[in-house]
């Protein structure tokens, strides 16, 4: 029998409780994952009581309130607050999403917040995105065209060709989809994952790019592409409503067509 043991410092323990100092009109408890690698201690779940009557409507508003008024050491990423930049991607109430567009009212009971799953944690709710970005760089996500550029205009495309990019270019690389994918959890060192494969197809589908063959050859690998088993977590969790699984399927179809299948 195989015995699997977690490292001793991986067990999440109960952390500090920050109780309300005064009566609240709309009290709500927020439970947040805390981890600081510099302390060489187990991660914990800290509990904070906040007044929703004095807090904005989104989960990110609650985190900002906690950081500003209760515990300034709480660490998380955020920027646009409009679901555009992808900085505040995290696991909220068991689902990967963006804290800035997740309404508190959609959550019943305690608000439970963790970093994106199966990624190294820099601190608290901040995941290490370096491997994810390296995978993105590996697909060469820029227009590649070996023909001379037009002298008096940009490289143009028809309205119909432009529409082929809808549902692809909107990806904000938040990694919600990839970190919800069990195949990426198991083979993330080699499998590119839903987000990167959707981005790869974005350039394959672009009529202005003439490196389609080379791009497909680069993806034709048992691990890079074919670890996708259509589990569909990626499509379900995408905060932009995109369909990475569909894009992956199209890449597989194009490769099959190249081999006459």
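The count begins at 1 with the first shown residue.
In case you wondered, yes, glycine gets a Cβ from its N, Cα and C as well.
As recorded in Swiss-Prot, the features of this protein are as follows:
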{"type": "BINDING", "residues": "80, 85, 100", "note": "[2Fe-2S] cluster binding site"}
{"type": "BINDING", "residues": "171, 174, 177, 238", "note": "[4Fe-4S] cluster binding site"}
{"type": "BINDING", "residues": "181, 228, 234", "note": "[3Fe-4S] cluster binding site"}
{"type": "BINDING", "residues": "186", "note": "ubiquinone binding site"}
{"type": "DOMAIN", "residues": "28-119", "note": "domain '2Fe-2S ferredoxin-type'"}
{"type": "DOMAIN", "residues": "161-191", "note": "domain '4Fe-4S ferredoxin-type'"}
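Within 10 Å of the Cβ of residue 238 ([4Fe-4S] cluster binding site) there are 24 other Cβ atoms, across all protein chains. The closest partner of residue 171 ([4Fe-4S] cluster binding site) among the binding-site residues, by CA position, is 234; the full candidate set was 181, 186, 234.
Summed and averaged per residue, pLDDT over the domain '2Fe-2S ferredoxin-type' (28-119) gives 97. Among the binding-site residues 80, 100, 186, the residue whose Cα lies closest in space to that of residue 234 ([3Fe-4S] cluster binding site) is 186. It is 171, among the binding-site residues 171, 174, 177, 234, whose Cβ has the fewest other Cβ atoms within 10 Å in the structure shown. When Cα-Cα distances from residue 238 ([4Fe-4S] cluster binding site) are compared across the binding-site residues 80, 85, 181, 186, 228, the shortest belongs to 181.
For residue 177 ([4Fe-4S] cluster binding site), the spatially nearest entry among the binding-site residues 80, 85, 100, 186, 228 is 228, judged by CA separation. Within the set of binding-site residues 174, 181, 186, 228, the entry lying nearest in space to residue 100 ([2Fe-2S] cluster binding site) is 174 (CA atoms).
Excluding the listed site residues 181, 228, 234, the same chain places 177, 178, 180, 183, 184, 193, 194, 197, 229, 230, 231, 232, 233, 244, 245, 248 with Cβ atoms within 8 Å of the centre of the [3Fe-4S] cluster site Cβ atoms. The separation of residue 174 ([4Fe-4S] cluster binding site) from residue 181 ([3Fe-4S] cluster binding site), Cα to Cα, is 14 Å. For the pair formed by the residue listed as 'ubiquinone binding site' and residue 228 ([3Fe-4S] cluster binding site), distance between Cα atoms is given as 11 Å, rounded to the nearest Å.
Cα distances from residue 174 ([4Fe-4S] cluster binding site) to the binding-site residues 80, 85, 228 are smallest for 85.
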